[in-house]
Amino acid sequence: MPRSMMVAFRRLLFIISRLYFPIVSCFFTFVNYFCTKRCVHAPEDKLLLISATEAAKMIRNREITSVDLIKAYVKRINEVNDIINAVVQMNFEDALVKAQEVDELLDNLDRSTVQFKNLVLEKPLLGVPFTLKDSIEADSLYCTIGILSRKNIVSKKDAVVVQRMKDAGAILLAVTNVPEVCMWWESFNVIYGRTKNPYDSRRIAGGSSGGEAALVASAGSVIGIGSDIAGSIRMPSYFNGIFGLKPTPGVVPIEGHLPLIDGYRTDKMLCIGPICRYAKDLPLLLRIFAGSEGMKLLQLHNSYNMKKIRLFYMEGLKTPLVPEVNEECYRALRKETAIKWFKKSHAVRYLELKYNLSAIRVDLPFAHYALEFFLTSMEDINAPKFSMYMADLKGDVNCFVETLKWLVGNSDHTLPAIITGIADEYFAPFTEKQKQKLKNQRDRLIREVTELLSNDAVLLFPAFPTVAPYHHQPLFVPLNFGYTALWNTLAVPVIQCPVGLNDYNIPLGVQVIGAPGSDFLLISVAQDLEEAFGGWKALQK
């Protein structure tokens, strides 16, 4: 196709998209106006409002007991899970037994001994509960990945990151919901059903770590383990108003994550990372997740001189495949501000004022091809067909047959998985020549971003073009994940940071991006934004 025709076609797509996306938004807003809204309100038990690092310290000092903390979270899960449907496996009995063992150990341990003094280093989360998504293996628990044929399969060992959490003294409390095969951004499967947003049950919790984010945001867990190949930590964390870190690739081992896809760019795109309510927990969680080998890949500073960092921001993606960033999400990011909005958001402006910086607006031209880069990078992966993953690699699902079965309510698979299976097998968006061109452009963008963000620089970017969509709405805007997938493609660390609620009490947020290895710098920025905008905000009754 001649270049002039391609330009004209792209312009036509822009015109169509600018009409289509508002119509979709208005339709779902209208339909859901007549649906019942349920919310999760702030917990009354103060134990549920303590960060993980504070809780561990209080347990060591015998100010609280591990048993009381575990019981508080068990009670909270029982209270909220009817609303959000996030927990799919409960490990309560085993957790209480381990909590009792922790309390007995501490009650009988002389505080003057070396053993006690070393606890803060050797078991920094002793007695603190954690949860994880249903795609990360934990010994003796099910790991379904949302696939019906895996419903009764029990894991025989812990994933590396789970073992590291246990070695740090943390206690596994529950497993949370995911979409089928973890390849959709709404957490729903035929085994456990649909997870809902704690701020508005009519809206999605995100995916694929949606159950984890919804539970943490509901104060049903204080820290959780998620994974991210296209935004699966950051989208749910954004929709649920909490912190989510996608670490520098290679820092946290992914062994024990399912499905584990072997291929050229897997180690660059798939990451395991923490999800939490309090930014102060991120440094410790990253150290535990990374281990001694992973920490060697990170830039270690005792403290950053934030007045000397360089601050950049980008206002979004210009592509007809996703909607423009709406006003309230743009307001959460942007530099310019009206006084009446300042206290609500404006992450860039806050950092400018606090550290006497001058933020620089950038527009990375190749970044607008985020979706094309992501799809091309996924094709680098030497993996079986998606339809084979739907069968747990024990066969091949005929997605056309499953479409007919779905239409009569008789399929063992979700519609997004069926559509993905058909697209994976029959839809080839690019020729080989186009693929190579896109790969070259992607690699050039990687070099540009790495150079831009070297030497203590960060880039702020919209978390998403809208607030959390309503249930089923992602089917009509399936490519919105490009706002997060871009950074997986570029293999850089990213933190999603909450920056308040909108006028309807739905979370807002921004992504903070850095050069490879700058994870602790990003955490410092996240802590600053938490100080400014309050971090996680529970709904008051």
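The backbone N, Cα and C atoms fix where each Cβ goes, glycine too.
Keep in mind that TrEMBL annotations are predicted by a computer and have not been checked by a curator.
Within the same chain, residues at least six positions away from Lys133 (active site, charge relay system) with a Cβ under 8 Å of its Cβ are Val175, Thr176, Asn177, Val178, Cys182, Ser208, Ser209, Gly211, Glu212, Gly224, Ile225, Gly226, Ser227. The active site, charge relay system annotation in TrEMBL covers Lys133 (among others).
As annotated by TrEMBL, active site, charge relay system applies to Ser208 (among others). Around the Cβ of Ser208 (active site, charge relay system), 32 further Cβ atoms fall within 10 Å across all displayed protein chains.
What TrEMBL records for Ser232 is active site, acyl-ester intermediate. Remark: Ser232 (active site, acyl-ester intermediate) has Cys182, Trp185, Gly207, Ser208, Ser209, Gly226 as non-local neighbours, by Cβ distance under 8 Å and separation of at least 6 in sequence. In three-state terms derived from DSSP, Ser232 (active site, acyl-ester intermediate) belongs to neither a helical nor a strand segment and is classed as coil.
Among the features that TrEMBL reports, coiled coil is placed at 428-455.
Sequence annotations record features per position, and here TrEMBL assigns domain 'Amidase' to 68-522. On the 0 to 100 pLDDT scale, the domain 'Amidase' (68-522) averages 94 in the predicted structure.
Under the heading transmembrane segment, TrEMBL lists 12-34.
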DSSP state at Ser208 (active site, charge relay system), helix/strand/coil: coil
